[in-house]
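Here's the structure we're looking at; comments come further down.
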Amino acid sequence: MSLCRQNYHEECEAGVNKQINMELYASYVYMTMAFHFNRDDVALNGFYKFFLNESEEERQHAIKLMTYQNMRGGRIVLQDISAPPQLSWNSGLHAMQDALDLEKKVNQSLMELVAVGERHRDTHFCDFINNEYLEIQVQSMKKLSDYITNLIRVGNGLGEYTFDKETLHGESQ
């Protein structure tokens, strides 16, 4: 038993381990998206950079949760990371729509985690999840929604290429 553990329920600890897996899974999916757009037959460097950045952000979220788990006296239990459901996308629009769906799943998981903390009256736990994660999730969902709206507006082909260059700042490597 950890010396620093206080009011940290086993259900909160298990929930953090589950969320670590969710964040690593999201990182894995975003990395798959990034390297799809980096392929020579897709060549949308802005999408590549955007999704690579999202992958790193999700990985950092997992690391922050692992640090928190240790700080509260919990134990990190890593689980297998599921393979992404797909390996390629027909367009940037479809990838952004999948990214929005993923962010909503992560957000739902975080909200369920807060509910666990509330059930066990762990205010520190709830504050941590609310302050470090939920606001960022809402911002990500808004950004992706805006991107989807604009990708629908500009269409495939030249519109998608222009979005890649102008909005995502894709440049030739």
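Cβ coordinates come from backbone N, Cα and C, glycine included.
Of the residues proposed, E13, E56, E58, the one Swiss-Prot records at the same Fe cation 2 site as E103, Q137 is E58. The Cβ of E58 (Fe cation 1 binding site) has 24 neighbouring Cβ atoms from other residues within 10 Å, across all protein chains displayed. Here the CA atom of E23 (Fe cation 1 binding site) lies 10 Å from the CA atom of E103 (Fe cation 2 binding site).
Cα-Cα distance from E58 (Fe cation 1 binding site) to Q137 (Fe cation 2 binding site): 11 Å (rounded to the nearest whole number).
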